[in-house]
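Q: Sharing a structure with you now.
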Ligand SMILES: Nc1nc2c(ncn2[C@@H]2O[C@H](COP(=O)(O)OP(=O)(O)OP(=O)(O)O)[C@@H](O)[C@H]2O)c(=O)[nH]1
């Protein structure tokens, strides 16, 4: 039985089609034999590493994760994305398409350390999934295709890691490719990520002849001899470099080691001092353990990123990467998590992911920051201000889960029974514990009660970007509407980037998502997981609107014998003032927060409102004020003139030179603007901006234009005003003309 994979590289996603399948995985100790894990359910916090694997699509995250699981003893057979039988890509869509959609958590042990690893998606439509994972991780491995260096999505996830101050290790994968180049990749990390790469290894051989690496800290030569086709790379040779080795290699290693020592000394004062006091005669004599300690300090301080290389697919270089995770990435106790100190030893955890399981209901992933989590106990959700009972506690092994009696700070746990909890919620042991933490926070900061108990003791979540695409979704029959609503509710709890609303005019349910692929996957999941064959309307772009100039309007609303007057003025600066009767504030605020544009009813942006006065008579109802303010606003908006803003994407296309001109010609017809054309080996990398509305179905067109020899990535850049001609065309189309 074979899973075939057709890598159609010119795609919003790389599309790998299933031919036929019968997936059977062999887990080393699952489901019956989980002794090794149970033996150390709660390891010492210094031995825990909560890490994520992140990269551009197709860099090899899942392949690398598979090798880690295999070498750690977690699986007994190597999974392969191309065969659709990896552990972490367990959703049917992931296996069919060969891409990661959901971040999956796996727990395994490596050299007496507990590694909680999250494999994150590379496709831009699922960026939020990466950010949610990074929010709760202590370190990350950034995987690169060594022939491509830093690619578009790597930049995005790198920025996310920086935002959450997550120390990283870089892994230059695919060193077996003929175009793989160490110096090019290092330079692109330096240039594009503005990071400080600290090279810890030198590759042995290149392309097909890549056989291993030299560890610059220890001067050990690590070689993986491919004895047979099916060699799993578990066994490799480690021996010191000696004079019998190739003189060129000796020279290269000696220079690279000297450069490493110098670089680390520049970044770490303690190491510099050690060199100058104890090894001033011969820097090279510095013990590797001292160098390793210094590299660790540099990594944790995020002054530099260790760089390793290998080829996961060819089973080379993954064990040293695991060693590097343990050696250089931080334990939970080495990370500073604000707020946690207010809880002392009380439970404080963050819900960072929700999954719906048909049998067990919602499964909530929690990162425990302090205290201990136990099953069959009640926990308090600060964000929702409710208390829920947790029935079971599990350790996540991708789609397999092992039940455990308790879990301590620093770990990632999976809970059953929390039905109200949503991604981003803070979970504590009780309301009293939250109040005690709030008191500690106030005492410590010297701020009075005013600061707000809630804000002080809640862990910050993740910002959810606005969706850029939407379409209507309809059940096959009205009888299925309730089922569809339930499915959408469940999917929304899992995925905060999915928005669902009801169109006020047509009453239709509208799905709003981050891209074509995102909406396609949601549609597919409703069919497979909830058994509802829905119909999707045409995909539409989420435009915005703004006004052209300032305007003011006055309105009067008369009801029975009561009347009042409201004047609204729209101005260009951010000012918001209101003067009204007590009790009407909320109504007015609500009215101002949800205005829609005058042209097509899209959300307004860049508009500020000043209500000059609201005059009411005694007994005027808030609803009347609201209606009057709305009317005034509409009037003022019409007077202010409308302008449609359209989402403009940054596009990166990597294409063979011979196809460049046809890609450029096509882009011109799509109202694209070319920003730069760079060379990458034999390929050209085209950087451009293009309106999202012009990019529907681009993957198919690009595939045709380039005979499948191009890849592209698309990311929201900005919203721009449409020119009058394009705007008119859009208005006519929307009006059905
Ligand atoms: N030549 C070569 N190909 C590799 C290597 N590692 C992975 N690949 C291939 O690259 C493709 C993508 O690998 P994945 O592991 O799915 O990459 P990913 O980063 O997890 O992809 P997404 O989750 O979809 O973002 C697959 O066809 C792999 O077989 C490698 O070391 N060398």
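Here the Cβ of each residue, glycine as well, is placed from N, Cα and C on the backbone.
What TrEMBL lists as GTP binding site is 55-62, 119-123, 173-176. Taken from TrEMBL, the feature domain 'Tr-type G' applies to 46-333.
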Q: Do you know the mean pLDDT across the domain 'Tr-type G' (46-333)?
A: 86
Q: With every protein chain in view, how many other Cβ atoms are within 10 Å of the Cβ of residue 175 (GTP binding site)?
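A: Result for residue 175 (GTP binding site): 29 other Cβ atoms within 10 Å.
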Q: Count the Cβ atoms, other than its own, that fall within 10 Å of the Cβ of residue 55 (GTP binding site), considering every protein chain shown.
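A: A 10 Å sphere around the Cβ of residue 55 (GTP binding site) contains 29 other Cβ atoms.
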Q: Taking each of the binding-site residues 58, 61, 120 in turn and counting other Cβ atoms within 10 Å of its Cβ, which one has the fewest?
A: 58
Q: So, in DSSP terms, is residue 61 (GTP binding site) helix, strand, or coil?
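A: Its secondary structure by DSSP: helix.
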Q: Taking ligand 1 as the reference, state which of the binding-site residues 55, 58, 61, 120, 175 have a Cβ closer than 6 Å to one of its atoms.
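A: Once distances to ligand 1 are taken from each Cβ, 55, 58, 61 fall under 6 Å.
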Q: According to DSSP, folded down to helix, strand and coil, what is residue 55 (GTP binding site)?
A: strand
